[in-house]
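Noted in Swiss-Prot for the protein shown:
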type	residues	note
ACT_SITE	Asp148	active site, proton donor/acceptor
BINDING	Asn7, Glu384	Mg(2+) binding site
BINDING	Lys14, His208, Leu209, Gly210, Asn211, Gly212, Asp283, Phe284, Arg285, Gly331, Leu332, Gly333, Glu334, Asn335	ATP binding site
BINDING	Arg91	substrate binding site
SITE	His180	site 'Transition state stabilizer'
SITE	Arg241	site 'Transition state stabilizer'
Amino acid sequence: MKILVINCGSSSLKYQLLDMDTQTPIAKGLVERIGLPGAVLTHRPADGEKEIITAEIPNHTVAIQLVLDALVNPEYGVVKSLEEIGSVGHRVVHGGEKFASSVLITDEVMQAIEECIELAPLHNPPNIAGIEACQKLMPGVPQVAVFDTAFHQTMPPHAYLYGLPYEFYEKYKIRKYGFHGTSHKYVSQRAAKLLNRPAEGLKLISCHLGNGSSITAIKDGKSIETSMGFTPLEGLMMGTRSGDLDPAIVSFIQQKENLSSDEVNDFLNKKCGVLGLSGVSSDFRDIEQARDQGNYRAALALDVFSHDVKKYIGSYAAVLNGADAIIFTAGLGENSAEMREAVVDGLQYLGAKLDLEKNKVRGKEADISAPEATCRVLVIPTNEELMIALDTLDIIQKG
């Protein structure tokens, strides 16, 4: 079966068409600047040259029509007809408490996703637009929703509740939800295979480190604690997000800078993190380069970040009562040997120790632990699209 995976942002759309017999993509691509001038589709067949298609793309329906046209194009397409596509899997950012797993999309499911808009006002509306476009353009093809939050629905109340009046949870559903769930789920499953152990009994700490970063404690294959919270702003300092703060700082900044609540929220999401501390960039590669050239603030930003990661690993080791493995994934986790070394240095008490030669790996699955390490350190490139496709296949096969 071939499964189309769709990930819609407000003005962009990423897609992959996967052959589930081999679990590999046969085409992937990106639509940029939806609803803006200069919209473009970049289409990459697995065994061909990339195609760049410029067009007026006023909305997500037009974007998906372009994608479908590209997939069946006689020159650079990869299928003879759309009938070869058995199902569509959609990334949906927020499923609230309503969804603890991926689901076949029905009218009731759509309504529930719409009810979660206030929890993810920037993300859920374009996710919904993508689903509606596919329903219109591919009638009769089963559509599946895969939620970023679902994997974390196994967290116990003592992990997801804040120190606020309980009525705020009852009335407004204020609690920790966690994100990057699809990524954490995928790498935890791969880790069990790499360690040649069943998920049951395994204690894992998964570090998804990139422009957005989160850490998850995984026990018996289930998330029991995670660093992102009610929104993706909580937890680690990130590319442009502040991460954990004393809540009183928010009103202090509002008063000092004369900002509205929307403006201060935007500021904490887009102008803080390593960008704010370094003054250089939100891209860790640029910051590592600046540090190597003697930039003090760049070095400081990297030190704060690695300290943050180490602190969370330590606290999650406490929650798990030890760890069998620490996983590094996502752009920074997969590719920065220096960051991995900075984080693991000082975790010897956990039994974690790097083999510095093995740690040079970039973007490939590897056990980078020293032979004597009792807590393994793994690099596992994430593959959220494959995880979405596998969940979609599972639901279609269950009927």
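From the backbone N, Cα and C atoms, a Cβ is placed for every residue, glycine too.
Sequence features annotated in Swiss-Prot and their locations in the structure.
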residue: Asn7; record: Mg(2+) binding site; CB count, 10 Å: 22
residue: Lys14; record: ATP binding site; CB count, 10 Å: 18
residue: Arg91; record: substrate binding site; CB count, 10 Å: 22
residue: Asp148; record: active site, proton donor/acceptor; CB count, 10 Å: 25
residue: Leu209; record: ATP binding site; CB count, 10 Å: 26
residue: Arg241; record: site 'Transition state stabilizer'; CB count, 10 Å: 26
residue: Asp283; record: ATP binding site; CB count, 10 Å: 16
residue: Arg285; record: ATP binding site; CB count, 10 Å: 12
residue: Leu332; record: ATP binding site; CB count, 10 Å: 25
residue: Glu334; record: ATP binding site; CB count, 10 Å: 22
Per DSSP, Arg285 (ATP binding site) is which: helix, strand or coil?
helix
Which site among His180, Asn211, Glu384 has the most other CB atoms no more than 10 Å from its CB, taking these as recorded positions?
His180
Whole-Å Cα distance, Asp283 (ATP binding site) to His180 (site 'Transition state stabilizer'), is 19
Would you kindly give the Cα-Cα distance separating His180 (site 'Transition state stabilizer') and Glu384 (Mg(2+) binding site), rounded to the nearest Å?
9
